[in-house]
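Peer 1: My questions all concern the structure below.
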Amino acid sequence: MQTVSHLHSSLYFSNRRNTINRDRQTKMQSSYQLRFAVRPSTYKFLMRVPPTRLCAIPNEGDGYPSVHVLEEDTNTNHAPNLEPETLFSKWSPPRYLWRGLTVLILTGQVIIRTIKGKVHWRNTIQQLERVGPRSLGVCLLTSAFVGMAFTIQFVREFTRLGLNRSIGGVLALAFSRELSPVVTSIVVAGRIGSAFAAELGTMQVSEQTDTLRVLGADPVDYLVTPRVIASCIALPFLTLMCFTVGLASSALLADSVYGISINIILDSAQRALRAWDIISAMIKSQVFGAIISVVSCAWGVTTLGGAKGVGESTTSAVVISLVGIFMADFALSYIFFQGAGDSLKNCV
């Protein structure tokens, strides 16, 4: 507790070296309230109040100065805000809206930088190794089991109908047009897309992206563009290898379990497949790779809220990527195969 004492014509503060003369005024920087105690010569600071102005006024009776406390307006340098609140004064756009705009902006920036050649090739090669070879094992394993499960559903029914020579063609078309691109993209979205979102989200909340800007490096050139290019290059090759492994596992299962020769399946697949089927699978996977990388990077760079926000962005990025994959798959299938229908005539 701090005390104040006075002596005749001057008032002395024991905690500060300020003096208030009889006919002068001064501002007290300390935000404390004065309270008179029982003794007239002692004052005590008890609680915080807004800044005040002290005036020393002489008393006519005893000759000692008295203290007068005036409260001040602390916001004297700014005009009061008299603007009325409108309907949209406190409105802010939903988070999914500006994240969707971020996806469009990042897509345009990546395309422009790729055309201009502003690509950090060292980071691109590192991300290409990460998306491609390191994801190959899990993609091939998933494709093999999906192919065997798909074979179980079709071989028995086709054998019952006497369509053994059509099994290979059906499997080849299913894998090339739908299963291989979609299954590969789902695996990559769960493994690589989540990693992209978590990494960029952590860099965003820890202000590492701001550090890159201070050092003169553009985060889009250094972080986003290499990931998008690597995904668009690696996904088609992963899809092609998954198609090969899936068809091979289906042929082995049909031969070992249902007694259908591998030569019959491969011959039927060769007669049913066309070059456009493989090309369409590559195009699909490239589009899926762009969706996964751009969405994951956009959700990462718009992360807020620390560690909790990083987790939410990672989960949301994977979900949105999967939804985008399925929507793009429908649109591309409708465009590519709308007039198809005679592919199985050659293998019957």
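Note that the numbers count up from 1, one per residue, in the order the chain is shown.
The backbone N, Cα and C atoms fix where each Cβ goes, and this holds for glycine too.
Sharing the features that TrEMBL gives for it:
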- 96-115: transmembrane segment (TRANSMEM)
- 136-155: transmembrane segment (TRANSMEM)
- 233-266: transmembrane segment (TRANSMEM)
- 287-305: transmembrane segment (TRANSMEM)
- 317-337: transmembrane segment (TRANSMEM)
Peer 1: Are there residues at least 6 beyond the ends of the transmembrane segment (287-305) whose Cβ is under 8 Å from a Cβ of it, and what are they?
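Peer 2: Beyond its ends, the transmembrane segment (287-305) has Cβ neighbours at 95, 98-99, 102-103, 106-107, 110, 131, 181-182, 184-185, 188-189, 192-194, 196-205, 209, 219, 223-224, 227-228, 230-236, 312-314, 316-318, 320-321, 324-325, 328-329, 332.
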Peer 1: Quick test of the contact rule: Cβ under 8 Å, at least six residues beyond the ends. What residues does that give for the transmembrane segment (233-266)?
Peer 2: 128, 131-132, 135-136, 139-140, 142-148, 150-152, 155-156, 159, 164-165, 167-168, 171-172, 175-176, 179-181, 183-185, 188, 278, 281-282, 284-286, 288-289, 292
